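*Asks:* Take a look at this one; I'll ask things after.
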Amino acid sequence: MPFLTGWGLEGENRNVPKTVLGTLALLNAILGAYLGAFGAYLIATSDIEFSNHWIPLGIIMLGLIAIYASDIATTGILSSSRAHIQNVAFIGALIVLGELLLIVHMAWVSMKSEQNLYKSWTRIFNTNPLSLQHVEHYYGCCGFSDKDDMPSRSNCLKELDNSEVDGCAGYLAQTAFDKSRMAMIRCTVAMLLQILFLVIGWALVERVLEPDTTWLVDDDVNPGGNWAAGTAPAITTPAAAVGESQNAPEAHKLNVADDGLVVLVGGVQSEDAPATGNAAALASTSAGVAQQGDDTTYAQETSMPTDDSTTK
């Protein structure tokens, strides 16, 4: 990506994008904690307009899952685990989908708020009518639609000392609408922020960090690779094949003969000489080859030029 290259994020300094990923995980955890606290606030401050508590509980659950995803993301960044990063992407997509479904449900419920409130009032009136006193005292109303429509008690008007008291339906509907709108706005903002976090995280992992195979690979492929500790995985090179030519000067090589004897050969090998396995040709030798038999040692014979004048 050109803008990432311009920032120098595709260079050797991989700590910059990893720090950004850690910051995104922290922000997502804070966002999840806020959603959980907001859901608890709705439960604590709502009366029968949220009597089933389905929406607040859904918000709390999404907040907890967001915190859990941030924990997995932090673990994946610190341990350079590809599996953790993939799990975070999957969980993040589920959170966004859940928030979208919750927003659609809240919009549907808000359109039928008065009908739902009437069902809730009727259910509470038939089971425990005295529990409606708190609502009537809080809003200064009696009954649901008017003072004669299922009041919590017969002397409701006398206690309020007002014969022109309205029903509680209008107050409850307005409160339910305000809280539904507040919940929808917060869930929408949270969903957009989490989509932004996922997009930035995907861009960093796929476009910047993915080519760096030393930081984000599976544990069985890259054991010990940990950017947080400043260590890189050990790179192992396969051992040279037996008889393979070495281009270093004055290299020594051990050859194993068929009878089990070890032969040490020293000398300089030309770079142009190809390696031919155990039968590699030697350009020169600096000493004779000592061979050991059963109990007899034979010295290598060498031919020396002789002077005829000194030899009789």
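Backbone N, Cα and C atoms are what each Cβ position is placed from, and that goes for glycine too.
Because TrEMBL annotations are produced automatically, they should be read as predictions rather than curated entries.
Remember, predicted model here, so these are calculated numbers, not experimental data.
Pasting the feature list from TrEMBL:
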type     : residues : note
TRANSMEM : 20-43    : transmembrane segment
TRANSMEM : 55-78    : transmembrane segment
TRANSMEM : 90-109   : transmembrane segment
TRANSMEM : 183-205  : transmembrane segment
REGION   : 275-312  : region 'Disordered'
COMPBIAS : 275-290  : compositional bias 'Low complexity'
COMPBIAS : 293-312  : compositional bias 'Polar residues'
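How buried are the listed features, and what sits near them?
*Replies:* Residues 18, 21-22, 24-26, 28-29, 31-40, 42-43, 46, 84-85, 87-88, 91-92, 94-95, 98-99, 102, 105-106, 109, 180, 183, 187, 190, 194, 201, 226, 228 of the same chain, all 6+ positions outside the transmembrane segment (55-78), place their C-beta atoms under 8 angstroms from a C-beta of that stretch.
Here the transmembrane segment (90-109) has Cβ contacts under 8 Å with residues 55, 58-59, 61-62, 65-66, 68-69, 72, 116, 180, 183-184, 187-188, 190-191, 194-195, 197-198 of the same chain, all six or more residues outside its ends.
The list of residues near the transmembrane segment (183-205) in space but at least 6 beyond its ends in sequence, with Cβ under 8 angstroms from a Cβ of it, reads 1, 4, 9, 17, 20-21, 24, 27-28, 31, 34-35, 38, 42, 55-56, 59, 62, 66, 73, 85, 88-89, 92-93, 95-96, 99-100, 102-103, 106-107, 110, 216.
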